[in-house]
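Asker: Dumping the structure here so I can ask a few things about it.
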Amino acid sequence: QKAQRYEAVKWVMVFAIGVCTGLVGLFVDFFVRLLTQLKFRVVQSSVEECTEKGCLALSLLELLGFNLTFVFLASLLVLIQPVAAGSGIPEIKCYLNGVKVPGVVRLRTVVCKALGVLFSVAGGLFVGKEGPMIHSGAVVGAGLPQFQSISLRKIQFNFPYFRSDRDKRDFVSAGAAAGVAAAFGAPIGGTLFSLEEGSSFWNQGLTWKVLFCSMAATFTLNFFRSGIQFGSWGSFQLPGLLNFGEFKCSESDKKCHLWTAVDLGFFILMGIVGGLLGATFNCLNKRLAKYRMRNVHPKPKLVRVLESLLVSLTTTVVVFIASMVLGECRQISSTSHSGNDTLSLQGMSEDVNSSIKTFFCPNETYNDMATLFFNPQESAILQLFHQDGTFSPVTLSLFFLLYFLLSCWTYGISVPSGLFVPSLLCGAAFGRLVANLLKSYIGLDHIYSGTFALIGAAAFLGGVVRMTISLTVILIESTNEITYGLPIMITLMVAKWTGDFFNKGIYDIHVNLRGVPLLEWETEVEMDKLRASDIMEPNLTYVYPHTRIQSLVSILRTTVHHAFPVVTENRGNEREFMKGNQLISNNIKFKKSSILTRAGEQRKRSQSMKSYPSSELRNMCDEHIATEEPPEKEDLLQQMLERRYTPYPNLYPDQSPSEEWTMEERFRPLTFHGLILRSQLVTLLVRGVCYSESQSSASQPRLSHAEMLEDYPRYPDIHDLDLTLLNPRMIVDVTPYMNPSPFAVSPNTHVSQVFNLFRTMGLRHLPVVNAVGEIVGIITRHNLTHEFLQARLRQHYQTI
């Protein structure tokens, strides 16, 4: 019954995350639309007046006033919470991969993100609101099931569920998927995005929950947007924030087809060009990001705000001058309204024609550059996809070049900014340009310009972000046209392969620049030349089953490790040691009881215990086997291995491992009993779980599992501990709280096996234990990063 209740609560939480993500999307969309309409209404009326009076400079100042104010507000919000800058996708990718980025899923982050993206999009920057939606959804997923927040400390609910990192990570996966679903109206695409880009750990049950969450987000947003915009509550007409409209040939044109087999050749070429353009974009943006890290970030925070204002100023001036000076007057197509039977199609064509701009153009014509620049980005994308009137090749080339350079400069400044919409718009202009050239110069009249604009958008976006499965499905769901599945998939694959030849995707580049140890899906084949012993960390910081408080505090304060092996030493004269010290006696007794258990299991498997090569079992059975004296010329390590019974009378378990130890002291045999986390040790110290030397360990107070997790996810810090309340000579028995059977590998395990175990099981620590149960090293995420493995492989080749 408890398990069923837990599962039921999980489904309710997943639904709540979807609904809340949809509402965040609705909030952002409503206010972006409101502010953008206000800005364009004022500026457009001013431009129309000033065209006759000759005061266009005044219109430019009005536009600058709006844009700089909005961008300044967005920058201020990022100063409050710096992690809210950018799209947030690299940070969420790191989080789902198993790396905790500080502050990435806090309530303050989602507030600054939602408000910031609202102002940066309304401020006319070349950014989208779709990327930040993914981050916002992930924050909702992380925070909602916890029912508590640092920002709202006074609001506390006693909610006993989901008090573990794994549950939290599952909900963040669901939230990120819901963000994609809300942004594009693509629930299946959202689920695949979460699977492809994010989680290192995935199970079958999670897929169904994530899809349910995505559906909840999509239909919440759809329900409210349809009701607010069309007044028809319950009609579900607007699936996502970004709507591509319906692709359909006009009925009067019998030759028109959405695409034909011949077009596939052009699509592949567009994919190659899209990959090259994407690689160029990523290369330029990487150099910009490095420049910012060296010259902007170390300076006072005000410099970041000034950079954002400079980008906004440049963008506004370029947009205004390009719209006024560089545009051409084109004929408005008369076929726009013919053959539209359904309400949505009628609305779509009216929307396309209502957003055209006629600056400086006579009747029945429109200014093509102003139509693209002087509109919200979503309207410009619809123009390129569905406007039957032509855009001149010169206009499209100039628009593409300006948009490419400005959006590259913009991504990375201190405002919340997405990259999906600018990339789609850039690519759509490129695709439309290709269609124009094919129609005008090669005479291919049958092609449908909207299809080429869509394929261009897919090629450029694929070249920048390098996503395949999820992006294909997102674009198919956004167009509502399943026949586009094949061309979109082929284009994205070609764009990814071409781009990968030169550099990584934009999100991976930004993850690498932050120095985050991200684990790829698998290792390279040549890494199998390495074994676990080649990559492990041999210098261990460990604790004993029974350890003095002073040793624990010393270890915790002088290291930053998240977990510690629990070990006992192998000594030859253990009986003599047991006489003098209660602490040592307790440790040796614990070791002997665990060895006897193993000996019993061994006896069942084999009649002769002599076949078991453990030094401890031989000690237990008092089988004193004379060891031959090693030849003098043998190396130090060999001598140490042979002399594994040599006693260490000067080293006691209440001494923490020291930097001054000799090589021999470092490599003494240590029997591995389990792993204990830093958070568990600190919790035990804070709650005074210990016993005195004169008592038995049974007198130590016991904490329940719920009490150990009470402070999750913000456990107390060892530096905040009041040492005056603790007696340093007291002893802590950690054995009831350690994990006695963590995943472990042999020193001879291939690196690919180590990597697969580590990644698929979502581990943080992997002890390396030899055949006789002695720990010889530990592997963490850092030891499995691509750079570390490459360095070890070079060392391996040099040794050979």
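Start at 1 and count along the chain as shown; that gives each residue its number.
Each Cβ is built from the backbone N, Cα and C atoms, and glycine gets one as well.
TrEMBL entries are annotated by machine, without manual review.
Relevant sequence annotations retrieved from TrEMBL are reproduced here:
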type	residues	note
TRANSMEM	12-32	transmembrane segment
TRANSMEM	68-89	transmembrane segment
TRANSMEM	110-127	transmembrane segment
TRANSMEM	171-194	transmembrane segment
TRANSMEM	258-282	transmembrane segment
TRANSMEM	302-326	transmembrane segment
TRANSMEM	394-413	transmembrane segment
TRANSMEM	450-476	transmembrane segment
DOMAIN	738-799	domain 'CBS'
Asker: Can you work out which residues elsewhere in the same chain, 6+ from the ends of the transmembrane segment (450-476), have a Cβ less than 8 Å from its Cβ atoms?
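Answerer: Counting only partners 6 or more residues beyond its ends, the transmembrane segment (450-476) has Cβ contacts under 8 Å with 180, 184, 186, 188-190, 192-193, 195-197, 244, 247, 258-259, 263, 266-267, 270-271, 273-279, 281-282, 381, 384-386, 419-420, 423-435, 438, 482, 484-485, 487-489, 491-496, 498-500, 504-508.
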Asker: On the DSSP side of things, how many residues of the domain 'CBS' (738-799) fall into helix, strand and coil, could you say?
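Answerer: DSSP composition of the domain 'CBS' (738-799): 28 helix, 15 strand, 19 coil.
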Asker: Which bits of the chain, at least 6 residues beyond where the transmembrane segment (110-127) starts or stops, bring a Cβ under 8 A of a Cβ in it?
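Answerer: Residues packing against the transmembrane segment (110-127) from afar: 24, 27-28, 31-32, 35-36, 39, 63, 66-71, 73-74, 77-78, 80-81, 84, 88, 135-136, 139-140, 143, 311-312, 315-316, 319, 377, 403, 406-407, 410-411, 415-419, 421-422.
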Asker: Is the transmembrane segment (12-32) packed against any residues at least 6 beyond its ends, judged by a Cβ distance under 8 Å, and which are they?
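Answerer: Result: 110, 114, 117-118, 121-122, 129, 132-133, 136-137, 140-141, 144-145, 162, 171, 174-175, 178-179, 181-183, 209-210, 212-221, 224-225, 228, 241, 376.
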Asker: Taking every residue in the domain 'CBS' (738-799), what is their average pLDDT?
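Answerer: Residues in the domain 'CBS' (738-799) carry a mean pLDDT of 89 in this prediction.
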Asker: Do any residues, 6 or more residues outside the transmembrane segment (171-194), come within under 8 Å Cβ-to-Cβ of it, and if so which ones?
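Answerer: Counting only partners 6 or more residues beyond its ends, the transmembrane segment (171-194) has Cβ contacts under 8 Å with 13-14, 17-18, 21-22, 24-25, 92, 95-96, 105, 129-130, 133-142, 144-145, 162, 202, 206-207, 209-211, 213-218, 220-222, 238-243, 420, 467, 469-471, 473-478.
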